[in-house]
């Protein structure tokens, strides 16, 4: 009872905090004068991270196994993985270009886990025999970490395509001298202001196009780095799953629906990484491939849970009506 109460408190505190954080985050991106609120949003993200970590530890202690046995627990872990991605650039003292991807992704993931699932799904359950293995934590955690990473990379690529094909990209409002950001994106506001100040006394007629190009290059670089990490994690997760499958079912690969879609996901991102070796495919073309991967990941993650079929159907669920 104590653990259940603690978990309930932690999840609702974290969800409320992240809701406030994303509101502050959007305001600071749009209005430079309120940039001081950025520190508050980062503190909120840290507080939320510790709440989610506390929930996972509490659930682990109460259930006796790592909390990855159903869809609810996996969604909470997925949001926790997104927090990790959010914090990595901060640890490296670099600009957090991922924040506008990770923050809303986290609130949507956690919001669906908290409010979109039946209450029964929130309860910890006894593991079925096939899941009572030391491979549970290794395989499932690697897969979810790869999903979180690949989703962020795919969204960065999708953002690149949106900017690339937008005809008129006006970064700044003409009405104010202090300059307001009209199209908010990835904390680039600080970068834009610094560059604009440096070029204030020079003639630069192609200023908007120049920064459009710079932003596209930056997104392309970040997308490639994030997807490379996610692809590595996905490969490790699939290999761990194959070993576990051999122990549990006597076969490394059964072409179960989940396995099939995991293979499709792996193939899509392998194509993306291979396309990067061709200079003509860097940028827009490879970003298109990565954007397709965004849809494939969600099919792989939710597909079996929605259908409730196959060897990976332990976490299947029914949406509340």
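Keep in mind that glycine also has a Cβ here, set from the backbone N, Cα and C atoms.
Residues or ranges marked as transmembrane segment by Swiss-Prot: 9-29 (among others).
According to Swiss-Prot, the feature transmembrane segment maps to 44-64 (among others), an assignment based on sequence analysis.
What Swiss-Prot lists as transmembrane segment is 68-88 (among others). With a threshold of 8 Å between CB atoms, the same-chain residues lying at least 6 positions outside the transmembrane segment (68-88) that come near it are 11, 45-46, 48-49, 52-53, 55-56, 59, 96, 98-99, 102-103, 105-106, 109-110, 112-113, 117, 121-122, 124-125, 127, 131, 136-137, 140-141, 144-145, 147-149, 152, 226, 305, 314-317.
Within its own chain, the transmembrane segment (143-163) has Cβ neighbours under 8 Å at 68, 74, 77-78, 81-82, 84-85, 98, 101-102, 105, 169, 185-186, 212, 215-216, 219-220, 222-224, 226-227, 229-234, 236-238, 241, 262, 265, 269, 283-284, 286-288, 290-291, 293-294, 297, 300-301, counting only residues six or more beyond its boundaries. The transmembrane segment annotation in Swiss-Prot covers 143-163 (among others) and is backed by sequence analysis.
Marked as transmembrane segment by Swiss-Prot on the basis of sequence analysis: 226-246 (among others).
Per Swiss-Prot, transmembrane segment is recorded for 260-274 (among others), and the stated evidence type is sequence analysis.
Residues 71, 147, 150-151, 153-158, 161, 223, 227, 257-258, 261-262, 264-265, 268-269, 271-272, 275, 315-317 of the same chain lie 6 or more positions beyond the ends of the transmembrane segment (289-309) yet place their CB under 8 Å from a CB of it. Summarising the annotation, Swiss-Prot assigns transmembrane segment to 289-309 (among others) and lists sequence analysis as the type of evidence.
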